Amino acid sequence: MVQQRHVLLITYPAQGHINPALQFAQRLLRMGIQVTLATSVYALSRMKKSSGSTPKGLTFATFSDGYDDGFRPKGVDHTEYMSSLAKQGSNTLRNVINTSADQGCPVTCLVYTLLLPWAATVARECHIPSALLWIQPVAVMDIYYYYFRGYEDDVKNNSNDPTWSIQFPGLPSMKAKDLPSFILPSSDNIYSFALPTFKKQLETLDEEERPKVLVNTFDALEPQALKAIESYNLIAIGPLTPSAFLDGKDPSETSFSGDLFQKSKDYKEWLNSRPAGSVVYVSFGSLLTLPKQQMEEIARGLLKSGRPFLWVIRAKENGEEEKEEDRLICMEELEEQGMIVPWCSQIEVLTHPSLGCFVTHCGWNSTLETLVCGVPVVAFPHWTDQGTNAKLIEDVWETGVRVVPNEDGTVESDEIKRCIETVMDDGEKGVELKRNAKKWKELAREAMQEDGSSDKNLKAFVEDAGKGYQAESN
């Protein structure tokens with residue numbers, strides 16, 4: 001009897017991990033594969049409270065991170081959280097695997113997102129083949145890989161020199177601002193857990209021969225970077241964005257359906273009332289909180305641009321009320337010129353005819369969505385992989401311009417206005433950016449079409465994973 005394929009998909013409990021994981025699950029479900037998505041108890045409870053529907057046929061499981069009522073960063077070290085996540089998560093993950101086997105639907109392959117190297121260890125103990133779902137550009141994996149293989153001292157000793165640059169295999173020359181923030185010397189210790197976790201991830205992969213790494217990218221987007229690590233089997237299966245905007249296999253799939261935040265209702269009507277290509281969309285993702293001074297500069301920059309805008313400013317979490325000092329000084333003027341919302345379906349905004357450009361933090365999900373939707377951008381990176389993504393946007397794919405901060409690290413209103421005008425105007429640069437954005441839109445869609453590069457790569461992975469399970473279980 002042929003064993004029903006059952007993929008257990010483990011995702012770190014953050015919006016930027018859940019979204020691509022859900023899209024990956026959707027792809028597998030359409031191939032007739034049973035999928036169980038597991039995330040933390042608290043993250044799943046928040047997903048169920050949001051209005052989005054989840055993919056039909058997808059089953060859910062939870063693991064404990066030790067904070068089932070929600071992790072509160074204040075007063076708790078992130079390193080302590082990651083340690084609890086690894087310990088508690090490993091134990092509960094074993095239970096999920098054992099329960100599935102007892103119910104007659106054993107897990108045949110385990111796939112996990114980054115920051116969860118312990119999931120691969122559990123899979124190995126349970127004799128289940130595993131694969132990492134890398135949800136950043138493969139360029140960033142290349143940087144981490146080579147950083148720990150001979151490039152660390154160069155970065156540590158020279159990255160404070162503004163004239164210094166470095167070139168990793170398969171990548172363009174980069175300055176310090178283009179590198180993942182976690183490898184740069186910093187006084188910010190709140191995320192000191194990150195670099196050791198990435199190192200542990202690579203060490204875990206190195207324990208296997210030719211480990212499989214599924215990457216949320218596509219062959220045409222990062223051709224050299226995908227070949228830069230010979231010891232890994234890097235498999236491009238992206239972009240992991242809703243089907244209606246890509247391959248059309250499911251026209252009803254128009255959102256990610258796993259929001260941890262409640263969406264606003266009325267922004268669509270507002271967009272419908274604006275002229276084509278006129279709106280500036282501003283969003284800095286689900287994690288980043290900007291200083292008040294920077295928020296004021298963005299506000300003034302938007303007002304100076306004179307263009308209608310849709311700006312996502314997340315509401316305070318845990319029911320905290322906004323304090324008077326948090327309120328933007330020019331709020332009345334802002335509300336006259338544009339619209340401010342606490343959350344929205346970004347992919348629906350990016351595909352709206354009224355949209356002209358996206359002022360983005362350059363998180364990888366957002367970056368891919370701009371490419372899929374053919375939207376030029378103002379790149380406004382802050383931390384983690386965002387500087388690398390901004391480098392690729394500006395200098396490799398040439399679909400946007402990057403803001404230049406002042407000496408204090410603040411991006412001033414005039415600079416924001418300059419970048420918006422460069423992208424939105426019909427000058428030579430603006431026309432070129434829009435043309436390139438349209439080109440990448442077509443290439444992204446080609447990759448996900450039937451027998452496109454990513455479609456073929458995913459089918460080959462599924463076929464191979466089935467063989468791997470049979471070998472492990474014999």
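For all residues, glycine too, the Cβ spot is worked out from N, Cα and C.
Some features that Swiss-Prot has for this protein:
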- 1-45: transit peptide (TRANSIT)
- His17: anthocyanidin binding site (BINDING)
- His17: active site, proton acceptor (ACT_SITE)
- Gln346, His361, Trp364, Asn365, Ser366, Glu369, Asp385, Gln386: UDP-alpha-D-glucose binding site (BINDING)
Separation of alpha carbons, His17 (anthocyanidin binding site) and Gln346 (UDP-alpha-D-glucose binding site) (Å): 15
Asp385 (UDP-alpha-D-glucose binding site) and His17 (anthocyanidin binding site), distance between Cα atoms, whole Å: 14
Tally of DSSP helical, extended and coil residues in the transit peptide (1-45): 21 helix, 12 strand, 12 coil
Close in space, distant in sequence - Glu369 (UDP-alpha-D-glucose binding site), Cβ under 8 Å, 6 or more apart: Pro239, Thr241, Gln346, Ile347, Leu350, Val375
Three-state secondary structure, His361 (UDP-alpha-D-glucose binding site) (per DSSP): coil
DSSP-derived class (H/G/I helix, E/B strand, else coil) of Asp385 (UDP-alpha-D-glucose binding site): coil
List of residues, in chain order, with Cβ under 8 A from that of His361 (UDP-alpha-D-glucose binding site) and at least 6 apart: Ser283, Phe284, Gly285, Leu288, Phe380, Pro381, His382, Gln386
Other C-beta atoms that fall within 10 angstroms of the C-beta of Gln386 (UDP-alpha-D-glucose binding site): 26
